Amino acid sequence: MNNIGIAINPSKDVDNRILNMVVKKFKEKFNLKNIEVFNSFDIEEQNLADIDLLIVLGGDGTLLGIARSLNDSFNSPILGINIGNLGFLSSVDISDIDIALEKLKDGKYKFVDRMMLNCKVESDENKEELKALNDVVLARGTLSRMVKFTIFVDGKIYSTFKGDGLIIATPTGSTAYSFSAGGPFIYPDLELITITPICPHTKSMQTIVLKGDSVIDIYADHEEEKIYLTVDGQKAIKINHETSVKVSKNKKSVKLLVFDDYDYFKVLRSKILNNSKECDGEKL
């Protein structure tokens, strides 16, 4: 790792105190003369061709945004260091930076690929292609009534239902909005896609788990209602009547660096289930 870059969310570190501390520690630990620093808000416009490892300083939202922005152009691993709120996707919290540096120096880490989604939105007026690491959400506007959704999987009709919307999630996104809507946790290394309805007007419409290479087509009957499509809860577009939405596995995944002692279930307990450090499960 001769060329390390750091992407910082400036809203999380307005005085650069954390950034300067992290840069100093990495330079000392790896005997580096220079570390390139990038603003997470415009990182898509930057040249990261020579970066061997990208450190992301921020929260889950920062990492999600960078994963989407760099998906086409960046092939090196990403190490998330949480300086935000939840930090479920990050490999380490900023309070454990010294421990993380030792593990990096000793080579006690591995790379994991997390699948992403590709979303194509097509109408007579517009065509747009989006990507998501967590989820693609189709949902009605605040004052709209229920919408009728028709879902096809691999060209075969799966379901037609009325409700507030639906969530198409990756395993990484299974702990986010999908979980809040009643979807299951999916182990993040798997390649699966889930479809979870939002407030369906029938109890028979439940989450379905699909193979990772499934192709999902969604049509929404909403001539008089407002419908919005969002990716990772960050980018939203208004869906017009007669618009088709196609969601499938993205060709490229995102490569994350995690440490050898990473315990998914411990992170799940502490940051999602209990939101505490209780029940570490050292002994049963």
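Even glycines carry a Cβ here, placed using N, Cα and C.
Going by Swiss-Prot, these are the annotated features:
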- Asp60, Gly61, Asn134, Asp135, Arg145, Lys162, Asp164, Thr175, Ala176, Tyr177, Ser178, Phe179, Ser180, Gln234: NAD(+) binding site (BINDING)
- Asp60: active site, proton acceptor (ACT_SITE)
Asp60 (NAD(+) binding site) CB neighbourhood, other CB atoms within 10 A: 24
Cβ neighbour count within 10 Å of Ala176 (NAD(+) binding site): 25
C-beta crowding around Arg145 (NAD(+) binding site), within 10 angstroms: 11
Maximum Cα-Cα separation (Å), residues Asp60, Gly61, Asn134, Asp135, Arg145, Lys162, Asp164, Thr175, Ala176, Tyr177, Ser178, Phe179, Ser180, Gln234 listed as binding NAD(+): 32
Intrachain C-beta neighbours of Asp164 (NAD(+) binding site), sequence separation six or more, cut-off 8 angstroms: Ala139, Arg140, Met146, Val147, Ile198, Cys199
Around the Cβ of Ser178 (NAD(+) binding site), the count of other Cβ atoms that are within 10 Å: 27
Candidate with the highest Cβ count within 10 Å, taken from the binding-site residues Asn134, Ser180: Asn134
